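Okay, structure first, notes after.
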Amino acid sequence: MGKTLFDKVWDAHVVDTIDNGPQILYIDKHLIHEVTSPQAFNELEQRNIPIFRPDQIVATADHNTPTINQHLPIKDALSRKQLEQLSENCIKNNITLYELGHKYNGIVHVMAPELGITQPGMTIVCGDSHTSTHGAFGTIAFGIGTSQVAQVFASQCLLLTKPKSLRVTVNGTLKNGVLPKDVILYIISKIGTNAGTGYFCEYAGDVFENMSMEGRMTVCNMSIEMGARGGMIAPDETTFEYVKGRKFAPKGEEFDQKVAYWKTLPTDEDAVFDKEYHFDAADIEPMLTYGTNPGMGIKISEFIPETSDASFDKALEYMDFKKGETLIGKPINFVFIGSCTNSRIEDFRIAANYIKGKQKADNVTAWLVPGSKQVEAQIIEEGLKSIFDDAGFELRQPGCSACLAMNDDKIPQGEYCVSTSNRNFEGRQGQGARTILASPLMAAATAVEGKIIDITKQLN
Amino acid sequence: MSGVERREVNMEKFKTLTATAIPLDIENVDTDQIIPARFLKATNRDGFGKNVFRDWRFQKDGSVNTNFVLNQPQFEGPILVAGDNFGCGSSREHAAWALTDYGFKVIVSSFFADIFKGNALNNGLLPVQVSPEFLKELMTTITADPKTKITVDLEAQTIGIDGSNHSEDFEIDAYKKTCMINGYDDIDYLLSKKDSIEAFEKTLQEY
Ligand code: SF4
């Protein structure tokens, strides 16, 4: 029987198998950040265990960093301490760190791919659930807890039971105005937030084949929102082109050899998946969420379902929405374009292209938060910043920002925020904040109109 | 389990537990609810318990939300019985630390998110997955009589309602079961495999 992309990469990294137990999986790259690593460093230090492979670890500061005045000392004492501790730990252990202000600093899942750290066929872990993003390269990448961060520190390995395989195929042509974010929100709305639990997902079909790397990252990023530990897309010419020439990408002959290997990775024709879903691209529209988990999404033309159960009712009460109503026309005061889902240059190009020549509505506070210093530089270089400035949008400095509201970037109590991030949980963007997940295009349009509109009407 | 000989580490051992339980009849409890992001600034593992379910336990003005089950004095105990898909969302292990720090030893649900389940097991917190029917029965029984005792037997892999013959078997990875019962964690095991890991690294050059 043939092997899946996931099987090939997984099997190539198995060091050993415990009888009736998990396997020891070798980890090529370990990404760390300030929030989930300190306790792991402490644990190793207490147990007097050295870091096994510091060269395979890369650190960045992103979750807890301010997005204005990054050159000034951080005001919040606890946040400052967390960053200081990261620096100390990295220096002490010879770990590469792109700290706040460094030209390569950024959200861990934006920074690593753009530096060519992420490559096909690798295993990558990080103490962050959206590590699934890197799967866009045909990489096994997944989030781990802090105890596992300590395990990888100690041994560059993890004890894991091989997950089951799931494939989501989307064929056809996407409609005008339908972006990768809509594709993944659509999939999650159809299969639910735990359809993927226990599985690793592969996305297949011409919709993904025709997608840019940025788009593929947006899709794989949200695999965790359907419960899957990770998602993958087979590496192809688009992948190789993206990786080529990046800072840590293999060069010259080595690159060619790698490409030859990477070409062997796609799923064999006769491989069998444990579970499969098929969708038609033509059925997808711009998507919005109306509830408090990413599975509670509808197409722009649809109405909030009339479902009745306690959790559903609780979610609608939190959002202050009614069953059977449309979201079109809802006044919105906050718009956030950012997070590891949608903060790459392509996302800002899409937003700028829509915003150009228009003005932000007066009632809206619109935050644009690039995923990395490199994206920020590109925004300026390509002249997008002046479009944003002219339209009244606020371009901030890179970081996770209002995606998880650990810093000051919080949406106030009771306010709605149309957000390009990945989680609409209660309080995720600030206590009592109400998040509506959407694509960067829908977010830009909301900021201009001051309310939710049916973008397809404008485009057609 | 073959070949696993390790010293005991900081994890507590777990064999059986008979205790009262707290019913949290909410589905899709995500780790942002268990411990909101603004409390993740600490650099050690301790003290997260005081902020567990913070935004449900307290009102916006800081006063206690008496409607929330953790604040209702009739309910207490080290077992949390929660709705489907518990622990989804962020990978933050702080969620497991907050629950154990608060005093929970067992979480019962009809479904657990992957990463949370792993994090719980790595911290001596036992996730017990039961059928939706049994979950419902547990929820109803505890709510009607908060003094009801639940017995969780890890060795036998059973969970039962005391004073009734209602019980159910639950699944747990054999390796993780050994770890829980003996208080082992994975690091020592991985360290004992260093030679194979180094040998494996040499073969990696091939791609
Ligand atoms: S942007 Fe949001 S989802 Fe992404 S790593 Fe940061 S906090 Fe996590």
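For all residues, glycine too, the Cβ spot is worked out from N, Cα and C.
Caution: TrEMBL annotation is automatic and unverified by curators.
From the candidate list A:Cys340, A:Cys417, the residue TrEMBL records in the [4Fe-4S] cluster site shared with A:Cys400, A:Cys403 is A:Cys340.
Sitting within 8 Å of the Cβ centre of A:Cys340, A:Cys400, A:Cys403, and not among those site residues for [4Fe-4S] cluster, are the Cβ atoms of A:Asp62, A:His63, A:Ile107, A:His130, A:Gly338, A:Ser339, A:Thr341, A:Ser343, A:Gly371, A:Gly399, A:Ser401, A:Leu404, A:Ser421, A:Asn422. Secondary structure at A:Cys403 ([4Fe-4S] cluster binding site), as computed by DSSP, is helix. Of all the Cβ atoms in the protein chains shown, 31 others lie within 10 Å of the Cβ of A:Cys400 ([4Fe-4S] cluster binding site).
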